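K.L.:
Please read through the structure below; I'll follow up with questions.
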Amino acid sequence: MSTGLKKPLLRGHIHQESFFCSLGACSMLVAKASNSNSLIASLAYSGCLIALFGISALYHRPNWDERRRALLRRIDHSAIFLLIAGCFTPVCLLALPESVGLKLLAIVYVAVLFGIVKCIFWTNAPKWLSCILYGCVLFLFVPYLKEFNQGLGLFNMVLIWLGCIVYSIGAAFYAFKRPNFFPDVFGHHELFHAFTVVGAVLHFIVMYRLIT
């Protein structure tokens, strides 16, 4: 039995289409890997990106019963942390000095694990708190700005910052449930999803430049 909750007409469509696009884009990315490190990085990143869009589409498109909806919500929210880990992986493995990259990657993975545990066991956490936690993990690179600037260069860093800003704006739409210009068709949650796609595209460009 479904929950009977009325969803905006386009709920889940953005991430559904992005899932199929990411399958093609990530297949190309993995095929471009030229050594073991870049292959590991591309597989980790691609798996997390595809999982995020696929799980989100699966969660948001159908009208699930309450039990399945609660389970998928846990997985959906956990997938956001997974994508953050996936984005850090190529940068830490391919762009940073090994000692710095592995240290930061360990910190990120521990933070992501903490976030996933939170998603599983504290499902009714306030949205604003969840967004703050996502942001704290996303911006873990800030103490390593010097190494990031040296390893990535200006253009890639601009894309990383733009992606993080776009993600943050989208998270604000999610946290505050605004704006709702067309709530029956395209509400604040659809804006959130649209901004996650834009942020993902910006970061994908960086990953492509790193891996290829």
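Glycine is treated like the rest: Cβ placed from N, Cα and C.
TrEMBL annotations: computationally assigned, not manually curated.
Okay, these came from TrEMBL:
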type: TRANSMEM; residues: 39-59; note: transmembrane segment
type: BINDING; residues: H60, H189, H193; note: Zn(2+) binding site
type: TRANSMEM; residues: 79-96; note: transmembrane segment
type: TRANSMEM; residues: 102-121; note: transmembrane segment
type: TRANSMEM; residues: 128-145; note: transmembrane segment
type: TRANSMEM; residues: 151-176; note: transmembrane segment
type: TRANSMEM; residues: 191-211; note: transmembrane segment
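Buried or exposed, and what's around them? Tell me for each listed feature.
P.N.:
Long-range contacts of the transmembrane segment (39-59) within the same chain, counting only residues at least 6 positions beyond its ends with a Cβ under 8 Å from a Cβ of the stretch, are 12, 15-16, 18-19, 22-23, 26-27, 29-30, 32-33, 69, 72-73, 75-76, 79-80, 82-83, 85-87, 89-90, 93-94, 193, 196, 200, 204, 207, 210-211.
Summarising the environment of H189 (Zn(2+) binding site), the number of other Cβ atoms within 10 Å of its Cβ, over all protein chains shown, is 21. DSSP assigns H189 (Zn(2+) binding site) to a helical segment in the three-state reduction.
Counting same-chain residues at least six beyond the ends of the transmembrane segment (128-145), those with a Cβ under 8 angstroms from any Cβ of the stretch are 77, 80-81, 84, 88, 91, 96, 100, 104, 107-108, 111-112, 115, 118-119, 160, 164, 167-168, 171-172, 174-176.
Nonlocal intrachain contacts for the transmembrane segment (191-211), taken as residues 6+ away from its ends with a CB within less than 8 angstroms of a stretch CB, comprise 12, 14-15, 18, 22, 25, 29, 32-33, 38, 41-42, 45, 49, 52, 56, 83, 87, 90-91, 94-95, 152, 155-156, 159-160, 162-164, 166-167, 169-171, 173-174, 179.
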K.L.:
Same chain, not part of H60, H189, H193: whose C-beta falls within 8 angstroms of the C-beta centre of the Zn(2+) site? Give them in sequence order.
P.N.:
R11, G12, I14, H15, S56, E190, F192
K.L.:
Who are the chain neighbours of the transmembrane segment (79-96) in space, where the CB to CB distance is under 8 Å and they lie at least 6 residues beyond its ends?
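P.N.:
Here the qualifying positions are 37-38, 40-42, 44-49, 51-52, 55-56, 102, 104-105, 108-109, 112, 115-116, 119, 134, 137-138, 140-141, 144, 147-148, 151-152, 156, 200, 203, 206-207, 210-211.
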K.L.:
10 Å Cβ neighbour count around H193 (Zn(2+) binding site)?
P.N.:
25
